[in-house]
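J.: As annotated by Swiss-Prot, domain 'Fatty acid hydroxylase' applies to 176-299, with the evidence given as sequence analysis. Swiss-Prot lists 29-49, 77-97, 134-154, 168-188, 215-235, 237-257 with the feature transmembrane segment.
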């Protein structure tokens, strides 16, 4: 009996071990296959992008050299065009389209994607004019002088108007570093501005809009504009000694992203603005850009318990998330 019991126990143990090893092999196979598929996909994507970059690189290099010839001896003018005028053109072009919807409610199909339903329908014209004046002041009297002072530092560090354009892989590396630096500097400067000492006199101005619109992304006290808007974006290119082409693309991208974060519409195929929109609604959650530091510091715990968190995804269809994931009746009231 003891022998049979021991034999059965041994068989059972062998079966369990076999099951465990089988599970481990299946897991390893699935993970390995997934990893290989991801690497193959990523290599394919980067190969096609690099091929496109390389094929068009000759064209852009020729155009860049033509610009250098045109502005020879006056590269600082070229720098100001690329670092200020082009990003501002992107900012106002995009916000011009959004302002049409904000002020008229048309086209109707875009209004369906509004995050805070019933707010800014239409936007208060007096409040809007005041905000636009502040944004223009910040751009002309704060951003422009900061870029003026930035140029000699970049010139000393690596010459932003050097003849050779950056490679595709180098620009991707720069973009990753710019994003990381912006996340760190913006998160901590933003949290600092929420300290009672600074909030009432400085940051409260930006939070006048509890339901934000795109153009108010730069609506802020001048001190906040320097510390929390400009510095997080400028430090990256300064550290990397970046080329003007990288600076132009980064500044333009940063302005478009912050506009989307404040626009008040969760539009298809664009980054989700739910995270920062919730910050304007509640004030004490979601301080960062990417949400990484909010996760580490626990400043997104309330957000994760809301419908807004469920909606914080890339919308890949045309059905508004307010319809597919409706708010609870309590909030709708």
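Keep in mind that glycine also has a Cβ here, set from the backbone N, Cα and C atoms.
Since this is a predicted model, take the numbers as computed values, not measurements.
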J.: Quick one: DSSP breakdown of the domain 'Fatty acid hydroxylase' (176-299) into helix, strand and coil?
T.: 86 helix, 1 strand, 37 coil
J.: Are there residues at least 6 beyond the ends of the transmembrane segment (134-154) whose Cβ is under 8 Å from a Cβ of it, and what are they?
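T.: Distant contacts of the transmembrane segment (134-154): 76, 79-80, 83-84, 88, 160, 205, 215-216, 218-220, 222, 225-226, 229-230, 234, 237-238, 241-242.
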